[in-house]
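*Asks:* For reference, Swiss-Prot lists these features for the protein:
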| type | residues | note |
| --- | --- | --- |
| ACT_SITE | 93 | active site, proton acceptor |
| DOMAIN | 100-323 | domain 'Radical SAM core' |
| BINDING | 160, 161, 192, 215, 216, 217, 291 | S-adenosyl-L-methionine binding site |
| ACT_SITE | 334 | active site, S-methylcysteine intermediate |
């Protein structure tokens, strides 16, 4: 794979940027390079419609990629987790999820670490280094496609808070959706936030084609403040108004994600609070039984506990689903990312 020890990589550029950066006279040459990158080549040598001399010059002067796979793990359920080393030696993690219908979803990271400090999340416990560049985001998707073939969806639910890195995420999305490249439909892309209202408004005002998910977890203000410190500066009332605004601007329903923890947010009172929060919203509820994280004292709810909670919500007319456990044995399930990064990075 063509990698050099600096952060500027062609994978994070549009065709016109490649043309300018590489000093190419012909626009179509840049488009050819852009298409090759999206096709998953590992080096300039594989770009067979470029002359040998051009490939040699490009190889000597430029870098296709700025990241490489440090570690690859595969769960028996088909989940793949990659630890990806960045140009500066930092490590992030990205996951491939395959559902029962064989749809493949890339769960990508947008930051090295995470500053949000959610109490139930591994990534929130390991600290924060920096935002990722568009190339570092795009390359996660490309690495996963090389491992597993063509992917169907992208969710920004890996390491980091997407609303703190929207410019680079937006660029990465537009690169992957570019008609002369990967041409991925934006409707197959979801951005998940812990509840940073400013970012939700910013997304809404762009007239988003992508989907929004919000990690709600609980609609009890006091409990949510303890579990998710973001609540202290972005209250539940403010969050609900931001979601309503997104509904109105996008004509899309928002997914509310609830990480369920045994004896903490799964009783009838917790359900009633979620039902009340959801009133007036175009939303879908995704229940996520908590995945064990070493060093954290939360517990996974029993199946009976989850089913009872489901019933409360369904009786209120809410549309819900419960996420299947995938990737637990390799630390690749929701809330578990960061084990390799914690060993490798200096937070």
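Numbering starts at 1 and runs along the chain as displayed.
Keep in mind that glycine also has a Cβ here, set from the backbone N, Cα and C atoms.
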*Asks:* Using the structure shown, find which entry in 192, 215 (the binding-site residues) has the sparsest Cβ neighbourhood within 10 Å.
*Replies:* 192
*Asks:* Judged by the number of other CB atoms within 10 angstroms, which among 217, 291 is the least packed of the binding-site residues?
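*Replies:* Checked 217, 291; of these binding-site residues, fewest Cβ neighbours within 10 Å: 291.
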*Asks:* Taking the Cα atoms as reference points, how far is the residue listed as 'active site, S-methylcysteine intermediate' from residue 291 (S-adenosyl-L-methionine binding site) in Å?
*Replies:* 7
*Asks:* Consider each pair of residues in 160, 161, 192, 215, 216, 217, 291, all listed by the record as binding S-adenosyl-L-methionine, and report the largest Cα separation in Å as a whole number.
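*Replies:* Taking every pair among 160, 161, 192, 215, 216, 217, 291, the longest Cα gap is 19 Å.
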*Asks:* Near residue 160 (S-adenosyl-L-methionine binding site), how many other Cβ atoms are within 10 Å of its Cβ?
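*Replies:* If we count other Cβ atoms within 10 Å of residue 160 (S-adenosyl-L-methionine binding site), we arrive at 28.
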*Asks:* Using a Cβ-Cβ cut-off under 8 angstroms and a sequence gap of six or more, which residues of the chain neighbour residue 161 (S-adenosyl-L-methionine binding site)?
*Replies:* 110, 111, 114, 115, 116, 193, 194, 196
*Asks:* In whole Å, note down how far the CA of residue 93 (active site, proton acceptor) lies from the CA of residue 160 (S-adenosyl-L-methionine binding site).
*Replies:* 11
*Asks:* How many whole Å apart are the CA atoms of residue 215 (S-adenosyl-L-methionine binding site) and residue 93 (active site, proton acceptor)?
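*Replies:* Between the Cα atoms of residue 215 (S-adenosyl-L-methionine binding site) and residue 93 (active site, proton acceptor), the distance comes to 20 Å.
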*Asks:* Across the whole of the domain 'Radical SAM core' (100-323), what does the mean pLDDT come to? Round it, please.
*Replies:* 97
*Asks:* Rounded to a whole angstrom, what is the C-alpha distance between the residue listed as 'active site, proton acceptor' and residue 192 (S-adenosyl-L-methionine binding site)?
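*Replies:* Pair distance, Cα basis, whole Å: 16 Å.
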